[in-house]
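In what follows, a single structure is set out as structure tokens and then discussed.
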């Protein structure tokens, strides 16, 4: 078989020479099927061209054959046909590729591309993933569709505001430049935020802790005997400052060097002539934007962090001074290893003409300074000391004794500097170790950790000592340090502490060994932002007031400070070695497994019984991914980490078919962590869930422990081997190679389960150990017991070859940290620095920020009484049920205050006595578990519990609600109380007899069964005594209805002077000589004065009667009383009703006036909270409007309907009968019951309607069973009343009643929302408000249309204003006749206008008798099962009668109670061809019953 015959779908090619048949293997990943995917087509062509460019081809035919071998059907079939038609020896390779492209290329959908781009953002994805996805999507864009500038604009809109500002400042010319600038900016921010300082090289900003890492990488920091504690400041500043600081010189000199700018007199920033850097407008504009953007960001604060002093020169002085030359200028320089950074004086900067660049404000204070200073400018300096070339960055100061100060970062990076400077300054004798005479210092103050403000008298005796130190630079490797001997003093302190002797006056002498606790070095900075919250980390170490130490040469060295204050309970970063406090036999026995470094993978690691395996789901694909794009700098970091892993034998080079990419994640200390992206592998892995222990359960086991040890395994995952057969699955790729793990890596989905199971199996039988992954807590009640416990645990770790990280452990202490808690003797408390983080958490602005805050709070919720109740407003905001208001702000403050007030809980002790107190209310349930002694006195609180109620639970009776609270509390504390006797206290006495109840409800019976599993004594606690649980569960909210007193117009006179209009009118009338108009109203006052002088019409409108100002017979309302008037006519329970703008304006405008009256009402109603709560959007009506005939007179045509869904009253009233006169719109609201039948309905009509208004001609209603009853129909016939009923499912026929019911429902919500059980009491008031309110159609109230006058209202306290009118009989008849004519005209006009407006966009449906139609399923049938998949229309049915243009009677089954008249909105014409029409006529139409059954039972 020839080569061409082996090609799938081929075999018909002409015979080729041997040189045309290449022997290159097919790459499976490089294939194309031809699925009209333009992106894949482009990638395929690019890849195939790239591969072919590396091979020498004899002719185009061989290239075509090679390309054809990578095509799959249908692309392969196309290639066969194309080559067969053209001839393989006749066509060129370019023609083949062009034909492939033209055949399978499909123009991309621009809208889809843009939609995909709008889904991206830096905030969601991060800058690396954003760049990757944006480039992938953008490559699908047609080449000439958008310019490069438009591409940059599209990309930058996806960045965060901070990144966008920096990228804009760089002014990128290409999309690639913009993406690179954004990546570099964000990488710097993520790496060094929140702390940073100037790098010693002066080109970048680095984290303050970056300097520490260089020293922590070596072994000498673990030798605490030689460690001196130094402190360096970090400045945490606004995020916006972190971005623009990267490499100032390089960034500003992209096109021109510094020398070229100086030579050509160019600006260092914009590279233009005519100005200097400090005059550059472009630079000022950018800095101004950044400054404004950062004003609302986080404020500056200074925080102390410990570092380790460079111990290779421990015998040298801390400072040295020397004059050095910079640019041939002598500069007086101070070398100070105690300074956290470098400084330079401003006059030297100006003399040397250094370029100044902006920095975040640095706040500092020296040794003896009483005030702090701030600087925000820095320069980069190049200098040479002997043969050492140094580049450093220094802050600029206006006043300083020295011209240049070189600080600790440079001296640590270049340790030879101090050697060089000191050797030229002092004789060799001066470099000898200084010794101290044995002296005594009196009157020394000591601050203990627990009581900083209590001084103690201590005598100090000093004597020299010799200590052994480890010099890391002299060690050949990490495991073979070289010992050197250094002289240090002092070492022994004899302390006399009168306080420890009690009040007897005798003293006890304490000896403190400084071999294990070295005094902190002098710190040049003082904590400024929170000085009162710090305390000593070294208990009982002396701080002399004016102490001095006598040196050999007779000089005194002033001691300024010997203790550095740090945050209380903060993590001890000084690596204080507590391992040496253990007994010597323990230290010697376990020194091999307690270390700071992780030794290489032992050869016998495979002997460990636990191995991690990876089981793949059937049919799942393993990852085969390319490495991510990384910068050159990040690639170097990756290579360093990979090399270290190779040296430790944790990874080996791999030839695995799998590959996962890697990413670098910055740590807090400035270093990086290598993370493998195993997401694809994890999706294909069968999960192996293993439950982690509950933290509450772990803490409950501590009991009466007095001494604690915490252990932290050193890279615990890397101490578990991989199953050899599964190692290839862990393969990862870097830009330089592929590797696979021999140990369990981080990031695998089942890695936590494997490790947790391993640790649980190792320590399952030990009750004095708590294990949570690699965190181990050992607790004991005495030191002797603790040594045994510690020996047991360490022995097991040693047997399992598990290494413990020494500097992360804390041995044999009375207080320690474990899983975010501070644990001590009879104490469990939250960590203070965690509480400080919560306290400093900014007010959330988004849902995610609120969720993040609640997540932090929920971890410590056991310390917060009433936590769920306090957090409820925040939860409502997260659920989008509330806006962020003052309630949420108060909840935030309450939660912060509750957590930051040092809450302390006592650990659970199985031998102690406990008392559970519960309470419940309609708002929630709460409980508190307390420990009590034998006399029932409180020892401490073990924990709090609170929970909100669900809507159904709020309806439980009081007894069941209390029982529910008990059950929930017992379930919460079950792990402590189950199987133990305790006291259960409740303030609901009915619970005491629940267990004796004969036949309780099923729910209660189930709860009682749960109670039976506990051993408790039920105790009644009177409500006033149940303070704690009551506070947790109860919160009282009262809402009072809006009321207002009658308006006293006489009081308005006192406001005339301050009102601009009234004062202008009175001054013009010479009734007032001076005014009190406020400055903000002066412009309006002058405008009114001008109008009064120039316009006679304007003047005539105003008059003065009884010292009251009138505008056209309407009272003028001062500004300060306008809200009172609007409140009366809008909010009042009797005169208001919370109507809209039109109605409220109609109420106010006939009586009162002020400028912009309508605008004021609009604004008032728009901001009315009650209106926003109760009013709903009124949807547009559908279908043609066929109005009813206009009513001829009062109460001749009425409509009626029922309002249901009301809560039953004390009289069992639960429905309202609404009767409306269609002429005057007057209504009666009659309270009744749902059980009302036709006979009772007739009785109500006689008692409330017919007896007052006579018998109507027509009654319009819906098809309620009461109206369709035989008795009702017989009555209306005998009385000559025509009963008009709406068609099925079309309540719009009785539109008058429906509209009235809408208004009635809104009034009910406004009046009775706080007292829903008594709605019938408010019904007469609501009826009066409704009938006295003018309607929009008629312009008058129903009262006036019906009676001819307005009823008197007591809203106005004035004898002159009377609303009710007095008529004679003749006048009343004339007035009523005029009203009747006017009302008819207005009704006709409104009807025509309404019909025109509603029918503009409607199309009538005209049917003839005999036509066939389809009926919508909602017209007759109730919703059944699976309605989403049922047909929308049923039928066809035949039209048998036309009622009007809007309703037709259909040929439906007559046995149904519902009417066969259907509104046209539920009908649809059936369009058929002739043959189908004949078939329909020949057979009977589908019947209603069959369709009903099909819908309900399908």
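Yeah, the Cβs are placed from backbone N, Cα and C, and that goes for glycine too.
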**Study point:** Annotated stretch (region 'Disordered', per Swiss-Prot) among the listed ranges 449-469, 470-490, 491-511
**Key:** 470-490
Point to revise | Of 712, 726, 791, residue recorded by Swiss-Prot at the Mg(2+) 1 site of 774, 775 | key: 712
Check your understanding: zinc finger per Swiss-Prot sits at which of 247-264, 265-282, 283-300, 301-318?
Key -> 265-282
Study note, to complete from the structure: Which range of 1092-1131, 1132-1171, 1172-1211, 1212-1251 is region 'Integrase-type zinc finger-like' in Swiss-Prot? It is 1132-1171
Exercise for review: Determine how many residues of the zinc finger (265-282) DSSP places in helix, in strand and in coil.
Suggested key: 5 helix, 2 strand, 11 coil
Exercise for review: Starting from the Cβ of residue 775 (Mg(2+) 1 binding site), draw a 10 Å sphere and report how many other Cβ atoms land inside it.
Suggested key: 18
**Study point:** the region 'Integrase-type zinc finger-like' (1132-1171) [mean pLDDT, rounded to integer]
**Key:** 84
Exercise for review: Measure from the CA atom of residue 336 (active site, for protease activity) to the CA atom of residue 1262 (Mg(2+) 2 binding site) and give the result in Å, rounded to a whole number.
Suggested key: 96
Review point. Around the Mg(2+) 1 site recorded as 712, 774, 775, what other same-chain residues have a C-beta within 8 angstroms of the site's C-beta center?
Key: 710, 711, 713, 716, 772, 773, 776, 808
Exercise for review: Would you find the one among the recorded positions 336, 1201 whose Cβ has the most company, meaning other Cβ atoms within 10 Å?
Suggested key: 1201
Study note, to complete from the structure: Row residue 1262 (Mg(2+) 2 binding site), column other C-beta within 10 angstroms, all chains, value 21
Study note, to complete from the structure: In the three-state DSSP scheme, residue 712 (Mg(2+) 1 binding site) belongs to strand
Study note, to complete from the structure: Top of the binding-site residues 712, 774 by count of other CB atoms within 10 A is 774
Practice item. Sort the residues of the region 'Integrase-type zinc finger-like' (1132-1171) into helix, strand and coil with DSSP and give the three counts. Key: 21 helix, 2 strand, 17 coil
Revision key, fill the gap. One should report the C-alpha separation between residue 774 (Mg(2+) 1 binding site) and residue 1201 (Mg(2+) 2 binding site), rounded to whole angstrom, as 72
Review point. In angstrom units, rounded to an integer, how far apart are the Cα atoms of residue 775 (Mg(2+) 1 binding site) and residue 336 (active site, for protease activity)?
Key: 40
